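Lifted from TrEMBL, the feature list:
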type	residues	note
DOMAIN	6-155	domain 'Casparian strip membrane protein'
TRANSMEM	13-32	transmembrane segment
TRANSMEM	53-70	transmembrane segment
TRANSMEM	90-111	transmembrane segment
TRANSMEM	143-168	transmembrane segment
Amino acid sequence: MKLIDRRLRLTELLLRISISVLALLGLILIVTDSEVKLIFTIKKTAKYSDMKSVVFLVVANGIAAVYSLLQSVRCVVGTMKGTVLFSKPLAWTIFSGDQVMAYLSVAAIAATAESGMIAREGEEDLQWIKVCNMYGKFCNRMAIGVSSALFASIAMVFVSCMSAFSLFRLYGATKDRRTSPW
């Protein structure tokens, strides 16, 4: 069981560090992205704050990066001390935090993906134009930032599953299964 615990802690640490890096990378790519076009005599700048779903993704990535960084520190300290998570209240807190982060990031990715598809493909029924035809560099860099955030979100889902495993194994079988009526 100690080998499984050690591998689980190492995997959790690597996933949490990758979440921090990928979420921060996505945040930086999105926030620093802009493109200016001259339409007749009017300058129009495309930036991330023009789409509220992207602002939501930036905020969610910032929160996820900080949360994962703090949890990474907790993992390192736990590994250095050689302690295993035996406290049910702490396990519930970590599990709940991981669930919130996973759901928050998945929601932000879904909203941004929809906005991105509308920007790329347009919406003929509503007479919305294809914005990415005008702002190609902006859309391509935004797609890279959203992809980074997507990989961070996938990693958060895996970490959430791992924290669920860590929590629910604390509630292991306390009764002898052979004497159970079921």
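Just so you know, the numbers here start at 1 and follow the chain as drawn.
Note: Cβ is positioned from N, Cα and C throughout, glycine not excepted.
Annotations in TrEMBL come from automatic prediction, not curation.
Residue counts of the domain 'Casparian strip membrane protein' (6-155) by helix, strand and coil are 119 helix, 14 strand, 17 coil (DSSP-based). Counting residues 6+ beyond its ends, the transmembrane segment (53-70) has Cβ neighbours under 8 Å at 16-17, 19-20, 23-24, 26-27, 30-31, 97, 101, 104-105, 107-109, 111-112, 114-115, 142, 146, 149, 152, 156, 159 in the same chain.
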